[in-house]
Protein chains: 2
Amino acid sequence: MTNFAATKAMFHLPEGVLYLDGNSLGPLPKAAAARVGTMLQDEWGDLLITGWNKAGWMAKPTDLGDRVGGLIGAEPSSVVMGDTLSIKVYQAVASALELNPTRKVVLSDNGNFPTDLYMADGLLRSLGDDYELRVVDPEAVADNLTDDIAVMMITEVDYRTGRKHDMKALTELAHARGIVTVWDLAHSAGAFPVDLAGCNADFAVGCTYKYLNGGPGAPAFIYVAPRHMDQVRPALSGWLGHESPFAFDLDYRPGSGIERMRVGTPPVIQMTALETAMDVWDMADIQDVRTKSIELTELFISEIEAACPMLTLASPRDPHARGSQVSFRFEEGYAAMQAIIARGVIGDFRAPDIMRFGFTPLYVDEADVRAAVAIIADVMTNNLWDQPEYKVRNKVT
Amino acid sequence: MTNFAATKAMFHLPEGVLYLDGNSLGPLPKAAAARVGTMLQDEWGDLLITGWNKAGWMAKPTDLGDRVGGLIGAEPSSVVMGDTLSIKVYQAVASALELNPTRKVVLSDNGNFPTDLYMADGLLRSLGDDYELRVVDPEAVADNLTDDIAVMMITEVDYRTGRKHDMKALTELAHARGIVTVWDLAHSAGAFPVDLAGCNADFAVGCTYKYLNGGPGAPAFIYVAPRHMDQVRPALSGWLGHESPFAFDLDYRPGSGIERMRVGTPPVIQMTALETAMDVWDMADIQDVRTKSIELTELFISEIEAACPMLTLASPRDPHARGSQVSFRFEEGYAAMQAIIARGVIGDFRAPDIMRFGFTPLYVDEADVRAAVAIIADVMTNNLWDQPEYKVRNKVT
């Protein structure tokens, strides 16, 4: 059984803050500053260029890939870190399309995070006018898995509402229609158990700065099912995905296995911070995290609904149908969230009217939830948000 | 006049090491560990998600872009940081091709760094069979600027020999033939003055971990000439290049100016380290750096040629025809370089027979060069490299 008091003690949580935004940016692992400092001084500083070998920098993308893979049900050597989620979406969709060359349609839903749609759209424009990005309502995905579709590109958990797709069922249905799947796990990895291998998923991507706590701008990851590995030609064919990068051949030959999804020089400092975050995961069981997350979200919903009748639940009521966040709709949600943040409860706002709260058992406990509810209820029932200062929209996140 | 003793004092240079590989990975600025530690603790740790606004994280890619732009003759607001050089090459070439839609050929040379060729090849394959990557000898570029060519993609300085193309002349010639130019400044930025605006360059890209000393995996940069800015559609259309990222629109609309070349969430920790490296540049004049670099490379060549007749100069003899590195050919160059490194002089090897040494006046002075020559001469004249331990090729860089 995971000792959540122990994992909570591994994070720096500022005094006076109740942090319900770990679904956007996880907090600082206490070990990060010292470890990154050591990496800078002892590795970059003293080893200089030889750090690529002597300090294992070159292997970090696959070493960390295996650690992240352990949380998402990936086979060993099927996950590699690098770039941003947007870039990894591009690689995954481009590669998936090549596995299904007679079809020209990518299906997604309008609950997907916009960058996935933007990247796919940009890719399809490059490929030609006969390609199509088809975007349907989230509830209509299953019915739209027709046999003209090459790739189904779906984010498992809706970033606004927390609604969770059924990965196993949709993947099976897609495969039955000859469709290759790309799953975006941005709001899944570290939030609940994911079983990529068990679901027979084809490609998956995700970021590591949300529930995995890797820090601002932490690298993304990409998963390729081992059965596809040798057939995949990476669209973004960078030198570190080459079979022999340091031969400096003029022609590209994809590297073996998941290594071919590497592109350029990996961000060693960011990966070092991420390592300290993954050390916390070594102490946690992801199934325990899910169980606790459901307890916390159920508590939050029942308390908020009792205290704040003006808020409308936007997340699914069935805990198994949502990720690890809870969202409420409120017309003045932007101002309300600013007032709540000003009082030390950090959640976030998503246009047009979503107030979003993330629940992360590694460092958020029942007492935190009750304390946060008290503050939110005070703001909402006393209309404390109705101040001009809270209505100025100058925030970028 | 730049005070090079003062800039040298701003770097951590390990005892007993003579570092002639800053063209591969620059050394640690002494301020980096403290500054990154502060960023981790006071920004990520205490500000959490609000760091994107309150600590200016979201603006770092353009703030740093302007600082790097100052070293390469770029107009204000024409450079942005992010991703890796490979990704930025892809964006630049894809965008350049769209400015020249009736032509289908990208011209490059076989002295280009391979990842540029790999990325362009991958892009052209996606675009269709009628596209061609044409690779000629470096000396033949000018004669091959024919009017079927859409884009000339050239790395200004050859990573093996240091041979330097004439940016102004080639750009003029390209433009006269209706060709759009993409310049890779990996071995230029921070090595000598670059005048993108004065050369009328169209696109440029580069990395910041070599002569700019940003650290392992530091972000890349991309330049777009202001005259092209509004016509450029980024091929990698990520959410942070959107006109209004936090509106979460389903459709992509490119952001204003250089912002549209942003893709995903930027690597804040890496950018913080890079800031400390750019602080050193605030104390240096790039023209002084070039003058000093020529002095150091001329000294190195004359001393090595006098002491080591078995080494053949691979770099141009005219200092104005090379960047800030000097390379020699030697059949057993790999073993020789290992033996030299084992004695504290760090250079590197590039297949098949290139021994490469970088000269970086910010932290390498004349005494360092003379001391390095003494060690290299000892290894070469006494065949100290002829040991089995130096011949095992287990190095990745």
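Backbone N, Cα and C define each Cβ position, glycine as well.
Annotated in TrEMBL:
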BINDING   B:Leu85, B:Ser86, B:Phe113, B:Pro114, B:Thr115, B:Asp116, B:Thr155, B:Asp184, B:His187, B:Tyr209, B:Trp239, B:Thr265  pyridoxal 5'-phosphate binding site
MOD_RES   B:Lys210  N6-(pyridoxal phosphate)lysine
Alpha-carbon distance [B:Lys210 (N6-(pyridoxal phosphate)lysine); B:Phe113 (pyridoxal 5'-phosphate binding site)] in Å: 14
B:His187 (pyridoxal 5'-phosphate binding site): tally of other CB atoms within 10 A of its CB: 27
Rounded Cα separation (Å) that holds between B:Leu85 (pyridoxal 5'-phosphate binding site) and the residue listed as 'N6-(pyridoxal phosphate)lysine': 12
Proximity to chain A among recorded positions B:Thr115, B:Thr155, B:His187, B:Lys210, B:Trp239, where any Cβ pair is under 8 Å: B:Thr115, B:Trp239
Nonlocal neighbours by CB distance (under 8 Å) for B:Thr155 (pyridoxal 5'-phosphate binding site), same chain, sequence gap 6 or more: B:Gly111, B:Asn112, B:Phe113, B:Asp116, B:His165, B:Trp183, B:Asp184, B:Ala186, B:His187
B:Trp239 (pyridoxal 5'-phosphate binding site) and the residue listed as 'N6-(pyridoxal phosphate)lysine', Cα-Cα, nearest whole angstrom: 29
Residues that sit under 8 angstroms from B:Thr115 (pyridoxal 5'-phosphate binding site) by C-beta distance, when 6+ apart in the chain: B:Leu85, B:Ser86, B:Val89
Three-state secondary structure, B:Thr155 (pyridoxal 5'-phosphate binding site) (per DSSP): strand
Secondary structure at B:His187 (pyridoxal 5'-phosphate binding site), reduced by DSSP to three states: coil
B:Phe113 (pyridoxal 5'-phosphate binding site): secondary structure state under DSSP, collapsed to three categories: coil
Binding-site residues compared (B:Phe113, B:Trp239) - highest count of Cβ atoms within 10 Å: B:Trp239
Pyridoxal 5'-phosphate site span - longest C-alpha distance across B:Leu85, B:Ser86, B:Phe113, B:Pro114, B:Thr115, B:Asp116, B:Thr155, B:Asp184, B:His187, B:Tyr209, B:Trp239, B:Thr265, in Å: 30
